[in-house]
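Just below is one structure, and these are the notes that go with it.
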């Protein structure tokens, strides 16, 4: 059995690496024979043990038992440890060492490491240090460990500061590579190891790399066929696939072994094996354990290759080859890969974070970062890692770019652009279909050509190989022989439109075969590709007999194409949208069953030069196409005759440079007044865009000279480009974006026509240019087939613009031209240029000579939650669906107002477009015509209004299958689709009274039942629109909930617990009612002090089930109604929990499906926190993670048994599992003694100290565990005495925990003050002390009345117990010198009424703030909710008036009118707010001509200074102040003596729409704000207000701090 044929590899002068198949007997024999010992210890993990431990134990025991009896027989011990990176720690090492000591192992022991890289690194380090070093053997079981970590003697453990930071070089005695182990390895793990194999070939051996490039399918096949009866152990039984696999492994190992032999201790050369690891390890530090080591290194290799390209060392050819090779092994090559981008942790991959992690790297020298730089495939720039500045690394890592304006340093520029995309794709198709071998030179290395080659490869249409270091592609044509890809394999084309159109016809050439296991070929693409039209081409092919089905939207990808061959003969094609439809048929026509006559119909043919190019290229490949002529006029007709033939491949075909790409460097010369020469493109070019220089740039004032193969442009002086009155760009449509960018800075108006087809490219390019130019302040006018651009001087353009590129390469490059003269322009999505010019940004700097900087959008954007993930752009438009009459328009208007967006009703849009209402349209043309037109409107809205809109759709949109698919795709990839839900009985009542829309042909309830499932499948969210009044909810509850919901789901302002995100102590209340409405009478008391409220869904029970003994799972409808009801009485975030019986709840453990449905419902309802038990299947958890949007996931584990030990391996295992998925981790055990709480506390302290740790809820249940509830700082679950029961044993109330924290010294008592005079009758102490008492806070608020700001106040604020102070007249200015900093509000208002002590890294800081404006703002928003405020009036010009103007500015009021008796003071105040729209009124009540009267009035003068009587002193208040009648309005009088001032009295007579707010309410509001600023807790305002109300009734002399100012 032990006679195995092995390949031996030498390392450090010893043949210690033995490679083969089924080697366990060989390993046992070799170890026992050559490494005599008293004890052999095999260490493995639980995963590997399940597969291989028994075989090792059996083999060693048999061989030990057969040893001579005369000698002492050695022992064979085994230790199984938990799997995963967490075992590779100081504790993991100590556990193994303790095992060895316990079993009295000595220095002659031999340790065998059986497992992956973690086991090898860890056990190797144990061997290096145990008894000062013992012998060990590596037996790697993963491909990654075989080719990387097991070879070279590196051993290490991880620390919280990084991976492998503590370790030693300790060479194993043997390394046994048993490739049969790979048969049990998941394919993802195999790919993980292939990253290291590709890396080794890339740095050292190009021949090996070529083999890896071309044989990926064979290599994968080698591990997918199990070897029966130990096949492969001997050479005679070894298959060809096994030989290939072994050669790949041995080849990779040999390179590393050679390098290690030369440089064992990594002083230079050994650095090379870290190619891809500098950046890869940084990525891994953030994404571990979800993304594997090899996957991170794969991305790292591409990024480090791009750094080399940026440095001018590696060509784009090399980067492209590396990219393709890694993709062939299913490895990610970009951080945008869905496997990475969909993870919550991906949000943490900021440039700053990655650079910070990269600082701790063993290759570095001090602060200098070192990266292995490739010079070409198979060679490195230096025989060691190279020092690379942070700026270069940051530029590559950044997702956006900024061009620094200036004159190109390399002027005059002379350069060539990449190969033409159009010609490259045509050449690939021609050569693949042709006979013989063709060498393609100057092929474009881009995303587009990569997907084309990959698709042709999948179709088995040709074979591809590289020569000349990748500069030449060798294509061996398949002569038109094509095969259906295997079942389940789709041809994924991304956003490559050219590939999609060409391959559609190519796939019709496929003939069915008995070997096929699929019935058709499926072509698909990304979300935008699925919107781009391909209908005319498909229609033409279908009419010719091809069977092609649209799988989703009609007229778009994906397509299913049956293998029936192309029939031929007569074809008619509409060619007014894309010339690529024509080229697609032309290219494939020779392979039809009959010669083809192709007739183009449907109006003017688009881009004729590109059709001519196709015909010319076909001729080069041996097929002549005849274009018919009119026999009378001799003019060409749009009819083409193509014979049956087979292309004959020319030996070599040189691809012309891309003319569209050439427009960008030429345009840079034009706009910067410099010279640029483009080689390989001139007047002889077949490409239409080659005319750009003569037809556009010359007319704009440039000097243009052109030969047959070269074009030179000299721009006019900067700022002197001329506008072109009109230019028809129909023959060069792609170049219109470049022309548009130049026209923006030209003198005059430019009109561009002939480009209608650009609306259906990668994006709607005409709209994209219009929208993005508007950010610069450039005016444009959209035309039916183009646009007009009104140019502006460069100096007048707005600076610092961030350009959205719509994932469109041409948009990005066009705006990079404009950015060369406009400072601060940020080009988002810089990587979208990889479609046609992957190294554009490098060439811009290296060849043109303009500095390009990377921009990390994460640091530019406002800081978001570290763990939240939004699956869409937060500006993505929201689509509302639902039955007619559910309130979509009502909700949409309020949502749009909240977000400052535009609400767009699809019915109104339809009416404008078709110039008739829906009812009339249906009457004239019927329902089907209406549904078709309605669907087109939906497509148009999604394309045209993709951002900043709330779009309300008609209820019947879901009747159209294509519309449902479009809505589902939008919800999955673009933005929220919200289903507005309303009880059906309310809907019926409303519709029976409504007459503006066509009546249904059937009962409303039947329509509802049919559509309800469709609404559910199309939406990403549900919003319950409750119209009826709910007891204990405020009248404004609906509008407040709409604001909360839409701010949350868009990610604009997620409704998360602020104390949690800021790191302070946080709590949630556990509701235990079967019906939450039972809590509403006491909801304000229940929620005192907490940050969130838990809805225990497993405890819910509808009233009909109260008497039932059996547990009944609550229905989705009941749970939805409970959430909706709770939303109307509290704005606190909801924690949605479905606790199962085994984890202490009531939900059945076996009902996983029902639990997941409820959790999905929570995410659809926009619930903020969703508790997900990690006992659910991983697949279900990942599905929930993918849906969570702005919601956060609490990954929880509960163990009621009392057996869970906080310092045992199980807790760490559960913690790591929860950390993979959760934004917050929750582990709950049961305390058996008080000591268990200290063990818990130590565990929490340890995991919280690691970099990037997540918020952690750790609690022990039971009476003995109450201390853990006090010490827990993250979302502690609390009860309340008013609840019917506690949710868990040992639960405490919020107040009890505060008392305990105080007794433990964790919540010291603080002193708060009111500074001012006179203040004896102030109610501020009552307000704050009542709040402290209710919440159980140990603080005290008192008066400090002094004659001046003197020593007493200085002593108070200097005391360590000082918690904060209110400041009133006359000290609002006098205290400022005592403070360290003022808030922006205090600076703008010019006064301080609040002092807040803040702790910083350098000590304590006193911050002055002003909360007056927040009190005013709160009172306005309470009455007007999210309604936009068109105009407001402020009366007075003192300090309170400043606060009012500041508040109104914060509310984005359209116009602020200011009146004061002393007009000069009013103007003085207006000048203090230069950026606010303040208009001084000469006469009160006289508004500017045509202006709408204000809907907000704030008076800041004493009541005694106002009057409603003529002929009396004071400001006369005219009744026309309250002329506004078009909606809710509010008047605030800051005076509170008397309770009803003349202004408020007048308002009450004005109209029902005017709400009145007395000054006392404002003062209370600003006091509540102060309370929260100081304590971090919301003031229990309802209870405080009740108490104060009683006091003010009983003691009229009690007042607040100040009267209003005159």
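The backbone N, Cα and C atoms fix where each Cβ goes, glycine too.
Under DSSP, residue 266 (active site, proton acceptor) is assigned to coil, being neither helix nor strand in the three-state scheme. The active site, proton acceptor annotation in Swiss-Prot covers 266 (among others).
The annotation active site, proton acceptor is assigned in Swiss-Prot to 281 (among others). Within 10 Å of the C-beta of residue 281 (active site, proton acceptor) we count 24 further C-beta atoms, all protein chains included. DSSP classifies residue 281 (active site, proton acceptor) as helix under the three-state reduction.
Among the features that Swiss-Prot reports, active site, for EPSP synthase activity is placed at 832, with the record citing sequence analysis. Using a 10 Å radius centred on the Cβ of residue 832 (active site, for EPSP synthase activity) and all shown protein chains, the other Cβ atoms total 21.
Cβ neighbours within 10 Å of residue 1198 (active site, proton acceptor), excluding its own Cβ and spanning all shown chains: 23. Per Swiss-Prot, active site, proton acceptor is recorded for 1198 (among others), and the stated evidence type is sequence analysis.
Per Swiss-Prot, the feature active site, schiff-base intermediate with substrate maps to 1226. When other Cβ atoms within 10 Å of the Cβ of residue 1226 (active site, schiff-base intermediate with substrate) are tallied across all protein chains shown, the result is 25.
In the three-state DSSP reading, residue 198 (7-phospho-2-dehydro-3-deoxy-D-arabino-heptonate binding site) counts as helix. What Swiss-Prot records for 132, 148, 154, 164, 196-199, 256, 270-274, 277, 293, 362 is 7-phospho-2-dehydro-3-deoxy-D-arabino-heptonate binding site, and it gives sequence analysis as the kind of evidence.
Taken residue by residue with DSSP, residue 882 (ATP binding site) is part of neither helix nor strand, so it is coil. According to Swiss-Prot, the feature ATP binding site maps to 882, 883, 884, 885, 886, 887, 888, 889.
According to Swiss-Prot, the region 'EPSP synthase' annotation covers 403-850.
Swiss-Prot lists 1309-1606 with the feature region 'Shikimate dehydrogenase'.
The average pLDDT the prediction assigns to the region 'EPSP synthase' (403-850) is 92. Among the binding-site residues 132, 198, 273, 293, 883, 886, the ones whose Cα sits within 10 Å of the Cα of residue 281 (active site, proton acceptor) are 293, in sequence order. Annotated ATP site 882, 883, 884, 885, 886, 887, 888, 889; additional same-chain residues within 8 Å of its Cβ mean position, judged by their own Cβ, are 955, 980, 982, 987, 1025. Highest Cβ count within 10 Å among the binding-site residues 132, 270, 884, 888: 888. Ranked by CA distance from residue 273 (7-phospho-2-dehydro-3-deoxy-D-arabino-heptonate binding site), the recorded positions 885, 886, 887, 1198 have 1198 at the top as the closest. It is 198 that, of the binding-site residues 198, 885, has its Cβ surrounded by the most other Cβ atoms within 10 Å.
Considering only the recorded positions 198, 885, 888, 1226, residue 832 (active site, for EPSP synthase activity) has 198 as its nearest partner by CA-CA distance. In the three-state DSSP scheme, residue 887 (ATP binding site) is classed as coil.
Around residue 889 (ATP binding site), the same-chain residues at least 6 positions away in sequence with a Cβ under 8 Å from its Cβ are 903, 905, 952.
Residue 1198 (active site, proton acceptor) has 1226 as its nearest neighbour among the recorded positions 882, 883, 884, 885, 1226, going by CA to CA distance. The two recorded residues, residue 270 (7-phospho-2-dehydro-3-deoxy-D-arabino-heptonate binding site) and residue 887 (ATP binding site), show a Cα separation of 68 Å. Distance between Cα atoms for residue 293 (7-phospho-2-dehydro-3-deoxy-D-arabino-heptonate binding site) and residue 266 (active site, proton acceptor): 20 Å, as a whole number.
Within 10 Å of the C-beta atom of residue 273 (7-phospho-2-dehydro-3-deoxy-D-arabino-heptonate binding site) sit 24 other C-beta atoms, taking all shown protein chains into account.
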